[in-house]
Amino acid sequence: MPLHPPARRPHGHRRNGSEAQTEATTQDTGRLSCPRRVGAAVCPIQGLGHRAARRPRRGVGTTSASRAPRPGALMPATRNRPRFIHYRVQPPRTHVSFKRPKRSRTHQSHTKVPGWTHEKRMGSSVEEGLRPELSQLEQDADNLGEEEAARLPVTSLNGLLMEGDRHPNPGQGPFFYIGGTNGASIISNYCESKGWQRTQDSRCEDYKLKWCEIKCRDNYCSFREGQQLLFQLPNNKLLTTKIGLLSALREHARTLSKARLMPSTQAKVLKMDEFFPETYRLDIRDERQAFFTLFDETQMWICKPTASNQGKGIFLIRSQEEAAALQAKTQSIEDDPIYRKMPFRAPQARVVQRYVQNPLLLDGKKFDVRSYMLIACAMPYMVFFGHGYARLTLSLYNPHSSDLSGHLTNQFMQKKSPLYMLLKDSTVWSMEHLNRYINDKFRKSKGLPRDWVFTTFTKRMQQIMSHCFLAVKSKLECKLGYFDLIGCDFLIDENFKVWLLEMNSNPALHTNCEVLKEVIPGVVMETLDLALETCQKSLHSQKMLPLQSQRRFVLLYNGETTDLWPRLGSSRPPIRLPYANSNHARSTCEISSSSLTSTRVTIADRPAARKSMSSRTAPICASRKSRLSDSGGVSIEESETSVCSGLPEGSRDAAREPSLGPTEEEREEEQRSTSHRGS
């Protein structure tokens, strides 16, 4: 029976199913004849146009198990052409065919038959895992003859798809994913030493560890609590942005001022102005006007974006002209009608901070110290302090210089110097080197204790870190498996007063200097060791201490003994009382019970934590609140209450401080300050 021309063949044209099948030929003179193809034939459907009608194919189709015959079965057909029905399985790459000239490829099926659902996303783990097997099937099809190719079983491919649904990732796992290049080689070597396999699929949900430089909402939505480790707390911007840290410290200071503490206890609590330079927000009109009112040319100020790092967007304000220019610019932005419609007013998200003009110099160069705060576990909180290194500028310090590389010590700024490659090792000192230098140069002249760096200075950094953590502890989103490593930058002035400059998320983990090659790998590996061990102990309800993986990090805060925290999967949080009749050494940051006038009350509103509390717990909390009110303390219902003293000598654990609920005005301010993306 003569065939219709391909472009004119009617949609309903079919061959009689009882007749022998003949090879389809093409009549298009502009194309060469194509070898016989093997795959799932497409039913001619009205609406697909001439292009669909010009594709005469012969092969084996698939059908749904619930609505169609068994695999490979032919449906009753009429006239000259057999009709095949697709299975309702996932459609990607179900056609194996030939491409001229004799080059195999796979066709993506886009057939839209009634009831067909296209739910598979591009780049899915199933599709990625099937690529090697599909390629092998193509090669096998190339080597087969025409008769053998016509009988190629589709069931093997169908089974392959089903197997891919059961095992989204190839290999045995467990898997880890690293997003970015910061410390990637160190993290990869650590994970591979444990037999883990690296995946390049950022959407992979079957992982043991995910370490990403940039936070992504999807990572936290698909996170499996207690089964996975995820780097960076979701809202760590409360600490790691300039406005977030400033707002947290201010609120904490107001909380402490309202708390009724014993005079001896009040004297031990850190004051914000003792360690944090005077700072104003430019996105709040009253603060902005207050800064421009008090500005004078005798003081230098530094303007910073709230959520940037590497010195980007930073400039100095030293003259009245520079201050006036900044004032005019901020005012013009605020008067812009487009800016008024912006929900978070990002262009104004800056702070101005009083510049420390008398820094301690090392061989005439400005420096600061990078230390680490590790939140190894979030349920319960296990917070550690880790030593880092000193960062120096390449050029001598000149307070009147406009070159930022002489004022900012980070490696990103120093790399801009043409002398960096020759002198880069001189821009980073180990803490041992810094300690020796201060012992030799300043111990006698300044009356410092021996090893001031590892005694007084270290204790002060631990005090400041504990204070900052406690300022945001009740607001951090905590789940078992979250962990974070935060870089803290400290400056020492010529009077040996310690200032906290900023805290940074995703701190630099590059090893381009000899000192960094000694420091950074140890920090990263101990971070991962502690995160793994604390997560496993919390998951199995084991005591945290002692920690076998703790080497150089120092414990600042042990939430196991100070918090009411819920176990994963428990119906109610366990009752955790302070040390009683115990021979354990008390936290060196805790105050004796005789000097405490307030204690912890409840865990009522910790974000992201389980909040169920049984009736057995309520009387205990109520009795604590009653004792607290009777003693003249502050009764707090929405957050845990702790009191922080200064860290005594040999401090190992963190301080506890009270945290009052914010007022309505403070909540609005916090919403503005925390709406920006973390650095």
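The backbone N, Cα and C atoms fix where each Cβ goes, glycine too.
Given the ranges 49-77, 194-222, 397-425, the record in Swiss-Prot names 49-77 as region 'Disordered'. Val356 (ATP binding site) sits 13 Å from Glu502 (Mg(2+) 1 binding site), taking the Cα positions as reference. The secondary structure of Gln310 (protein binding site), as reduced to three states from DSSP, is coil rather than helix or strand.
Every protein chain considered, the tally of other Cβ atoms within 10 Å of the Cβ of Lys304 (ATP binding site) stands at 20.
Comment: ATP site residues Lys304, Gln310, Gly311, Gln353, Arg354, Tyr355, Val356, Lys366, Phe367, Asp368, Thr409, Asn410; largest CA to CA distance 19 Å, whole number. Within 10 Å (C-alpha to C-alpha) of Phe367 (ATP binding site) lies none of the binding-site residues Gln310, Glu502, Asn504.
On its own chain, Gln310 (protein binding site) has Asn410, Phe412, Met413 as residues at least 6 apart in sequence with a Cβ closer than 8 Å to its own Cβ.
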